[in-house]
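**Q** Structure below; questions to follow.
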């Protein structure tokens, strides 16, 4: 535990020191920043805010993790597990970096196409499966102690899990501080699970990433000086999925990650309902005022009769939801 706390503090300090330089470099180069959605007028003032801040905390977290792992976890099993998780984080970080790079530096509005991004995400999931899952012989989902053996279909599950949650965290990263703190809450919950299982190698990775993310939040809370970009959100979602698999507690991510599930479900429901009503009635209708769900809250709270919610209020509501969900999972597992 001391090692994890020490590593987390170092990650916090290095990220906190590096981030201002990254922001300053971004501004000096006069690089085009984040584009804002016009439907949420309070966001228009953020246009041009530097993005790709995930580059900093990912480089810090992965570098420190490799160093600490090589020094303190020299056995093949721990190194294999740590390498598998870090590799998928790096791969998804690179995918996000390419997407951000095309949007900002090459002025390609959509960045990578949906097909390109999905293909690269599948490749990243396959790498994780080959490096970590196959050598461990895992082919079952653990649900409340009952193991559902899937055989080859477990590969499909791993790909679905990693790709799905990487995109879910990406959707969550829509207002200042929401994704960064939500992921910290999720990681802390998995830190408790890792500690209870004696998985101190995974606990180390969690501690380092939590430290780096808390430092990033110093610059990402409202009003944000920088956004994490796809480079950060895609990598964090993949990391959460990989950790839930590594700890053999896959189902818990549906609850611990309730915020990401809610954000993604809102988009899927909105699109499906809009297409259905357009076909049936000749005009598309909506369930939510705007998706992902955090924008629905911004534009009128839960009931729609309330005044527009501030970003801090939306953040607080969704952070609290994630915290309560995480505590419920821990209570189910250990009480």
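Note that Cβ sites are derived from N, Cα and C of the backbone, with glycine treated the same way.
Here's the feature list from Swiss-Prot:
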type     : residues : note
TRANSMEM : 3-23     : transmembrane segment
TRANSMEM : 53-73    : transmembrane segment
TRANSMEM : 78-98    : transmembrane segment
TRANSMEM : 118-138  : transmembrane segment
TRANSMEM : 143-163  : transmembrane segment
TRANSMEM : 174-194  : transmembrane segment
TRANSMEM : 200-220  : transmembrane segment
TRANSMEM : 226-246  : transmembrane segment
TRANSMEM : 251-271  : transmembrane segment
TRANSMEM : 314-334  : transmembrane segment
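Burial and contacts for the listed features, if you can.
**A** Within its own chain, the transmembrane segment (200-220) is flanked in space by residues 1, 3-5, 7-16, 19-20, 23, 53-54, 56-58, 60-61, 64-65, 68-69, 72-73, 78, 81-82, 85-86, 176-177, 180-181, 183-184, 187-188, 190-191, 194, 226-228, 232, 236, 239, 243, 246-247, which lie at least six positions past its ends and keep a Cβ under 8 Å from the stretch.
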**Q** Please indicate, using numbers and ranges, the residues of the same chain that are 6 or more beyond the transmembrane segment (226-246) and have a C-beta under 8 Å from a C-beta there.
**A** 19, 22-23, 26, 34, 49-55, 57-58, 81, 84-85, 88-97, 99-100, 111, 121, 124, 128, 132-133, 138, 158, 161-162, 164-170, 172-173, 179-180, 183, 186-187, 190, 194, 199, 202, 205-206, 209, 213, 216, 219-220, 252-253, 256-257, 260
**Q** Could you tell me whether the transmembrane segment (53-73) and the transmembrane segment (174-194) are in contact, taking contact to mean 3+ Cβ pairs under 8 Å with a sequence separation of 6 or more?
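**A** Judged by the Cβ rule, the two regions do not touch, with the required three close pairs absent.
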**Q** Can you tell me which parts of the same chain pack against the transmembrane segment (251-271), counting only residues 6+ beyond its ends and a CB-CB cutoff under 8 A?
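**A** Same-chain contacts beyond the flanks: 141-144, 161, 164-165, 167-169, 171-172, 178, 182, 186, 189-190, 193, 237, 240-241, 244, 286-288, 291-294, 296, 318, 321-322, 325-326, 328-329, 333.
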